[in-house]
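Copied from Swiss-Prot, the annotated features are:
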BINDING   9-16, 56-60, 119-122  GTP 1 binding site
BINDING   186-193, 233-237, 298-301  GTP 2 binding site
DOMAIN    3-167  domain 'EngA-type G 1'
DOMAIN    180-353  domain 'EngA-type G 2'
DOMAIN    354-438  domain 'KH-like'
Amino acid sequence: MKPVVALVGRPNVGKSTLFNRLTKSRDAIVADFAGLTRDRHYGNAKQGKHEFIVIDTGGFEPDAAGGIFKEMAKQTTQAVAEADVVIFVVDAREGISAQDHEIAKYLRRLGKPCVLAANKAEGMLAGAQLVEFFELGLGEVHAISAAHGQGIRTLVDLALAPLHLEDQDDADEQREPGIIKLAVAGRPNVGKSTLINTWLGEERLVAFDLPGTTRDAISVPFERNGQKFELVDTAGLRRRGKVFEAIEKFSVVKTLQAIESSNVVLLLIDATQGVTDQDAHIAGYILENGRAVVIAVNKWDAVDEYQRELVKRSIETRLPFLKFATMHLISATKRQGLGPLWASIAQAYKAANCKMSTPILTRLLLEAVQFQSPKRSGMFRPKLRYAHQGGMNPPVIIIHGNSLEHVTDAYKRFLEGRFRKEFDLVGTPMRIEFKSSTNPYADKATA
C-alpha cells in the first residue's frame, strides 16, 4: 500500500507549490479525460521506484482564543494523524513565527516521522540563515526551493527513509492472482458501512485466510460463488473477535490508499443528493489510478421519480469520464439491487485484465482507418500502421505510425469505441498511446 506524505505548514509558505512539484509528473495521465475534476489537495507522486500519496493539508491559521485545534478542519487533523510521514514547510525568508511554534508543538506530540523543510531558500547560506528553525525541536532543517525544484529529491528521500519501503514492482508481484481486491468508496454517510455490513452478514460470504496482508491495513478476505475477494477498508472496518463490522467513518487517507491498492472500486453515490464535488474528486482519483469501477446509486428507494431523473442527469454531466462504468440503482438498507453488483464487479475486473493480441488489434485499427480515416492537419495526415498491447489494469494500447501527434481527441475516442466493443471492455478505463516513427530523411533534408 502506498505511503502517505502530508504537507503541513501555515498559509503562504509554499505548500501548494511543493505539492504541484511533487505531483506534476502525474498530470499528463489524466489530461485527456474530458470533464475530469481534479482535487488539488491530494495526488500521486513517484521518486525512483517508490510511489506515494501527497496530501496538501491547507494552511493552519490558529486564532488567539481557540488556538490551532479549533481552526484545523476535522479531516485535516485526521489526514495528518493518519499520514505515514509529515513534511513541515516553513518560510526561510520570513523566518520563524508563532504559528510555526504551535504547529511544531502539535507535530511533536503526534510523534511520527517528520521532516522540516525551509522553503524559498534559493540563494541562501543554509547554515547561517536557517539556524533559528532548530528552535522548533524537529531536528535538522532542510533548505529547498519548491518554485525552482532545488533540494526536492533529497527532501523526498529523507521523508521516505524511515518507512523502509519495498520497490513498487516487488509489491505488485506479491499480489495473489485470482483475488479481486475491492474498495467501496464514497463520501461520508453515503451508505458504505450499511452496504458492507449487509455483505458481511450474508451466509454466502465465506472468510478465508490470506497471507501477507499489507501493513496496518484492515482488509476482509471472503469468497462468493467460487470467486475470492478481498474487501479493502474505506469505511472504518473494525474487528470484533472473528467478526468484522463497518462503522460510518470517512477518511481521505484510507480512501486514497484503498483505491490505489484495489483492482475494482465500487463508487457509491447518494440518490438523495446527487453528484457532489467530493464525489467528483473521488471519481477523478479512481480514474487517475486507472482502476476499474462500478457505480452504485444508493438510497434509490428514498427518492421520487423527479429526483431520480435529476440524479441520472447529474451522473451524466458531472462524471462523463466514467461513462464506461456500469451503473446500479440500489438500497443497502432494504437489500434491493445488491445481487447484480457482483457480476458487474467481476466483469470490470475481467475487462481491466483483458489480453489483446497484436494481430487482432492491428486488424481493428486498419478496419477503423478504412471506415473513417483521421483528418488531415495542414500538410500532415496521420498514418496509423499497427497496434499492440502495452499493459493491463488498465488496458493500454500503443499505436505506431507517422505524424500521430496530429491525431485529434475525437478520433482517439472513435478508436477507443471500436476497441471497447471488440473486447467488451466494460467497467475499466483504457489508455491509447501514439508513437510516431522518426523520419530517417529529416536530418538530410535540412542539411
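Heads up, the Cβ atoms here are built off N, Cα and C, so glycines get one too.
Taking DSSP states H, G and I as helix and E and B as strand, the domain 'KH-like' (354-438) has 32 helix, 24 strand, 29 coil.
Among the binding-site residues listed here, namely Gly9, Asn12, Lys15, Thr57, Ala121, Thr57 has its C-alpha nearest to that of Asn189 (GTP 2 binding site).
The domain 'KH-like' (354-438) scores a mean pLDDT of 91 in the predicted structure. Closest to Ala121 (GTP 1 binding site) in space, going by CA atoms and restricting to the binding-site residues Gly186, Lys192, Trp300, is Gly186. Of all the binding-site residues in the list Gly186, Lys192, Trp300, the shortest Cα-Cα distance to Lys15 (GTP 1 binding site) is found for Gly186.
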